[in-house]
Amino acid sequence: MATRASPARRALSQNGSCSLQPGGAAHKGWQGFPPSFPLSRTAALGGVGRCRPAPGQAGGAVTCARCRAVRRHRGPGRPRERSWAGMGCAALLWGAILLACSCGPGPPRVGAAPLLAATYVLDDANGLGREFDGIGAVSGGGATSRLLVNYPEPYRSEILDYLFKPNFGASLHILKVEIGGDAQSTDGTEPSHMHYENDENYFRGYEWWLMKEAKKRNPKIKLIGLPWAFPGWIGKGENWPYDYPDITAYYIVSWILGAKQYHDLDIDYIGIWNERAFSSKYIKVLRHYLDRLGLWNVGIIAADGDWSISNEMIVDPYLNEAIEVVGAHYPGTKTVKNALLTGKKLWSSEDYSTFNNDVGAGCWARILNQNYVNGNMTATIAWNLVASYYEELPFGRCALMTAQEPWSGHYKVESPIWITAHTTQFTQPGWSYLQVDGHLEGGGSFVALTDGLGNLTIIIETMSHNHSKCIRPPLPNFSVVPQSATFYLRGSFSMVQTLQVWHSRLDFESGNSSLFQQLHPLRVWRGRFSLDLDVDEVYTLTTLKTGWKCGYPEPPPPQPFPSIYSDDFNIRNPPFSEAPNFADQTGVFEYFVNASDAGDHVFTLRQVVVQRPITWVSDADQTISVIGNFKWVNMTVTCDIYIEKPRDGGVFIAGRVDNGGIYVRDSKGVFFWVFADGTYRVTSDLAGKEILMKGLAGVRDNVWHTLTLNIQGNSASGLLNGYPLWENVTISKPGNGWAALGTRSFEFAQFDNFHIEAC
């Protein structure tokens with residue numbers, strides 16, 4: 001069980017704690033400058049003011065070399081080594097700077113090359129660029145938020161605040177969720193709202209809950225639904241959702257209507273089929289259904305793969321009219337000509353997908369800017385929102401933050417959260433980009449956005465190649481060097497006098513990164529300011545004063561999954577359809593009320609998918625749900641089982657299961673099977689082909705039995721109803737893995753009184 005919150009934490013859990021750096025994070029010694037001293041660097045750059053021009057220079061246009069030497073970069077958050085005792089010392093230093101700067105360029109700095117210097121103009125006089133649509137993340141694709149729902153309070157609410165609460169943490173503008181399709185979609189399966197043609201249930205899974213929690217924190221957040229897979233009935237036996245476009249459209253529109261009817265959620269955008277083929281006919285049919293039902297406000301995003309749909313859009317005006325957003329995945333910050341010719345919004349509708357250390361943060365910082373600078377993409381959506389799935393599943397911790405231990409309450413606010421805040425806390429969907437090139441002369445990029453009401457936000461990133469590699473696509477070589485950047489504010493920004501400054505530096509040498517720190521406000525002098533930029537930094541310069549770096553007390557320390565764990569599934573009104581900590585990898589296992597049983601098995605766990613879905617990857621032919629600690633070696637697993645399918649039905653319990661997610665079909669382990677025909681089998685694989693032992697068990701369908709699997713070292717044994725059935729089976733590999741349960745095929749079956757003891 002998770003540690004109970006202290007009274008102090010419970011008090012803080014209402015709003016969290018937010019802090020600016022002391023005194024606005026001005027560095028030591030700045031107080032010595034007179035109030036009229038004009039700053040042309042941020043606090044991070046030493047705090048020295050604008051120089052007098054050297055002879056022959058235009059007033060205020062450039063700075064002299066000797067003054068730059070005084071201003072050399074000392075690193076944000078790092079106080080100057082000297083200390084000034086009172087105004088007397090400040091005055092002496094002030095005089096020395098003026099004297100030095102008035103005597104011309106002066107000798108070059110000893111042992112330091114001059115910074116590459118360049119100027120950039122920010123001007124809205126000739127119009128604005130594209131409209132900004134926001135930054136978001138994906139829950140799903142699949143089952144990536146599976147463990148989040150099991151967190152106890154206050155930790156679950158804290159995690160949600162870091163993700164969605166405005167001006168708190170990531171402050172996301174967009175939440176994209178999977179429309180569950182009963183099939184494996186990367187790290188697990190998510191349940192459909194329509195398992196069968198005449199079945200509708202809008203309370204399955206956890207995406208409804210997650211959307212409501214996001215809306216509760218940010219009513220303006222945009223919601224997107226996208227299917228990765230579809231229930232098998234839609235394809236009428238074929239692994240294809242487009243043969244009957246009216247049926248598929250009906251299924252998707254039902255999800256949109258259910259979101260509104262049962263959860264008061266307005267879906268803003270809907271997708272087609274994640275990273276799979278698109279059908280122009282289906283897209284038009286879907287648009288027709290949406291319009292006929294008055295859902296004009298729901299935009300279609302297509303095709304959540306590459307840019308190829310734009311080739312058809314530019315020659316098919318009806319298709320072009322049906323689509324609101326052209327969305328591509330992992331575009332490498334580049335778009336294509338035909339996508340631009342559609343005249344539609346261009347989004348990176350899935351991106352990032354990178355381990356959430358500082359390199360992941362560097363990847364995220366780079367693409368958040370460069371998706372617009374290089375590709376005119378006005379929204380970027382990260383896969384995935386929060387790593388709330390077992391880390392040993394595919395793409396472990398490829399998320400903005402980590403929350404994979406509901407049993408301990410531990411979670412971690414990773415660096416990509418604060419990189420996100422550099423953009424999201426100082427912009428909103430509906431702002432506009434300025435028309436600028438956006439490339440820095442020394443490498444890196446910048447974007448500038450405005451609300452059209454005089455507010456301005458500039459985000460600068462200088463991520464180096466090796467420290468900003470995303471998982472895909474391959475990143476061409478480039479270089480970034482320390483540089484000096486001077487910005488001129490023109491048009492409606494010419495009267496801006498002060499900019500708030502937020503800064504992050506990813507430190508790959510010491511590992512002591514500085515994330516989302518507020519520095520001293522920057523004085524804009526006669527419409528211009530300068531910055532010395534180091535490598536692997538992010539700056540936000542903004543007229544807004546709304547930014548906060550908020551936080552809660554440290555969560556409980558990490559703990560492994562409990563070595564003794566039980567679940568009897570006896571819950572009459574479960575808050576979610578799935579039992580805690582079970583991670584379905586093929587099939588869907590739901591709480592079930594067994595009305596026909598008047599005994600000890602009224603409340604059970606039931607596998608409910610009875611037809612192979614229209615799959616996104618190569619699902620297993622068997623169903624399986626895993627649980628526990630992947631490092632477990634020795635374990636005893638006990639579970640009551642109930643085969644519902646006569647003759648060829650079957651179920652299993654297992655240990656040391658070594659695979660899941662998109663690789664579930666290749667899972668190895670120790671699998672103890674019993675079948676409705678009265679036989680049993682022990683295999684080393686989920687497919688049931690590598691048989692270690694088999695024989696007669698006397699098991700029947702529609703009767704409860706108890707299975708026990710004991711694995712110790714290189715030996716395994718099994719019990720049926722408390723009596724030994726087989727023993728001394730030699731196990732060579734795998735050496736560790738999860739516990740699991742499942743069925744022989746897509747069939748109804750029930751499980752009860754699950755218990756495990758492991759080490």
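Placed from the backbone N, Cα and C atoms, the Cβ positions cover glycine too.
Record features, source TrEMBL:
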- 1-26: region 'Disordered' (REGION)
- 132-425: domain 'Glycosyl hydrolase family 59 catalytic' (DOMAIN)
- Glu275: active site, proton donor/acceptor (ACT_SITE)
- Glu350: active site, nucleophile (ACT_SITE)
- 433-547: domain 'Glycosyl hydrolase family 59 central' (DOMAIN)
- 584-758: domain 'Glycosyl hydrolase family 59 C-terminal lectin' (DOMAIN)
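Across the domain 'Glycosyl hydrolase family 59 central' (433-547), DSSP classifies residues as 3 helix, 52 strand, 60 coil. When pLDDT is averaged over the domain 'Glycosyl hydrolase family 59 catalytic' (132-425), the result is 98. Spacing of the residue listed as 'active site, proton donor/acceptor' relative to the residue listed as 'active site, nucleophile' is 10 Å (Cα to Cα, whole number).
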